[in-house]
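What Swiss-Prot annotates here:
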BINDING   GLY153, GLY154, ALA155, GLY156, VAL157, GLY158, LYS159, THR160  ATP binding site
Amino acid sequence: MTKNIGKITQIISAVVDVKFTNNGELPEILNALECYNDKHRIVLEVAQHIGDDTVRCIAMDSMEGLVRGVEVIDTGSPIRIPVGTETLGRIMNVVGEPIDGKGDIKSSNISSIYKPAPDFTNQSTERNILVTGIKVIDLLAPYTKGGKIGLFGGAGVGKTVLIMELINNVAKAHGGYTVFAGVGERTREGNDLYHEMIDSGVINLAEPEKSKVALVYGQMNEPPGARARVALSGLTIAESFRDMNEGQDVLFFVDNIFRFTQAGSEVSALLGRIPSAVGYQPTLATDMGELQERITSTKYGSITSVQAIYVPADDLTDPAPATSFAHLDATTVLSRQIAEFGIYPAVDPLDSNSQVLDPMIVGEEHYSVARQVQQVLQTYKSLQDIITILGMDELSEEDKLTVARARKIQRFLSQPFHVAEVFTGAAGKFVNLADTIAGFKGLVEGKYDDLPEAAFYMVGTIDEAIEKAQTLK
């Protein structure tokens with residue numbers, strides 16, 4: 001079979017025009033093209049056909065040093081990456097090349113990053129709780145096995161720390177495989193995560209096949225093409241784990257879905273498409289749907305995904321985070337106001353929700369305690385204007401008691417994290433679901449009305465709060 005060869009005719013930023021004149025065959029849309037810049041392989045993805053003999057492509061790597069006239073080869077297929085157990089313990093980029101300096105990834109399985117979502121008939125509808133060990137999440141917005149979970153928050157409120165703690169609590173205890181896709185985030189954070197995984201044994205450098213995680217990075221310094229496709233590369237590996245050996249349960253972490261949208265917006269602008277609301281690409285909902293519909297569980301295996309989603313200017317109505325909401329089973333909203341109180345994780349207990357907070361799924365006691373906690377916090381929120389203007393003395397005795405309990409609940413929703421031990425000096429806590437429910441049930445029923453507020457701050461179980469109260473006396 002003769003190779004289809006073209007030549008670069010124009011380079012503008014990350015957009016490259018390639019002319020094919022030899023036999024008039026144009027590469028298909030989404031095909032991967034290859035060219036070489038000083039022996040360095042650069043992959044281009046076909047985005048548009050311009051006229052009869054030219055394609056417009058998006059580069060997956062830096063274009064520095066590339067010139068017009070360079071030969072480009074059509075691979076005849078979309079971007080293909082290695083998948084399967086050979087990827088465990090390794091870091092790769094969007095096109096499947098290793099970036100950890102440990103040699104090639106020798107996998108017999110190569111897969112396209114574009115795949116259809118599983119058929120409706122093959123999808124699973126089971127609902128089981130995934131216990132995270134984080135009180136505020138397990139009580140008020142529980143996660144599901146095989147569900148899609150979104151962590152929403154503005155800049156600097158703790159999305160990445162929360163995702164790292166979930167990796168620590170869930171992935172380490174989880175028997176199956178984990179895939180982490182770093183989409184347009186800080187390289188330093190990706191490096192920290194890699195070394196933490198080595199220290200904790202999730203990545204085994206001596207015997208990589210015993211590792212439990214595969215990492216795919218397309219960080220902030222990458223061109224928009226790479227950032228727009230790296231989530232698909234990570235998802236392709238997660239799908240391969242899900243479908244192997246008659247089904248596996250896979251964890252898929254993405255940090256950050258907003259950067260996927262942002263990169264799509266940059267690519268759209270570079271291709272000259274007319275922007276839609278707030279400057280986003282006109283295909284925003286389609287792009288998000290193509291990614292999210294593939295993150296699903298089948299009758300054989302499951303993908304549980306946890307996605308950090310940056311909220312620009314703390315505005316949840318911005319089109320990027322708003323488009324994500326429709327696809328999620330549970331949303332954990334991180335609030336700047338709660339972070340300002342020094343309560344971490346800064347999860348908003350009234351804004352966060354989950355489809356599985358249902359008495360038929362979580363049980364009557366869990367549901368009842370969660371709703372009582374939210375009721376107390378909502379009452380406190382509605383009384384805050386009166387407290388600010390007139391002071392606590394103007395409240396009725398009943399309202400004073402509600403406020404006192406709400407403040408204790410607020411503090412008890414905080415928790416020291418394992419991954420933050422180096423910053424806080426406090427040992428991390430994993431709290432079982434039964435202990436979480438029992439602790440909050442006692443609080444709303446008034447069992448601990450005599451304990452000081454400070455006793456509930458940054459502790460694990462209610463027993464630790466009682467012990468702390470003894471030391472405060």
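Cβ atoms here come from the backbone N, Cα and C positions, even for glycine.
Close to ALA155 (ATP binding site) in the fold, though at least 6 residues off in sequence, lie TYR310, each with a CB less than 8 Å from its CB. Long-range Cβ proximity for GLY154 (ATP binding site), meaning a same-chain Cβ under 8 A and a gap of 6 or more residues, is found for TYR310, VAL311, PRO312, ALA313, ASP314, LEU334, ARG336. Those same-chain residues not listed among GLY153, GLY154, ALA155, GLY156, VAL157, GLY158, LYS159, THR160 yet with C-beta within 8 angstroms of the centroid of the ATP site C-beta atoms are TYR310, LEU334, ALA339. When the binding-site residues GLY153, GLY158 are scored by other C-beta atoms within 10 Å, GLY153 scores highest. In the three-state DSSP assignment, the secondary structure recorded for VAL157 (ATP binding site) is coil.
Taking every protein chain shown into account, VAL157, THR160 are the binding-site residues, and of these the Cβ with the most other Cβ atoms within 10 Å belongs to VAL157. Taking the binding-site residues GLY156, LYS159 in turn and counting surrounding C-beta atoms within 10 angstroms, the largest count is reached at LYS159.
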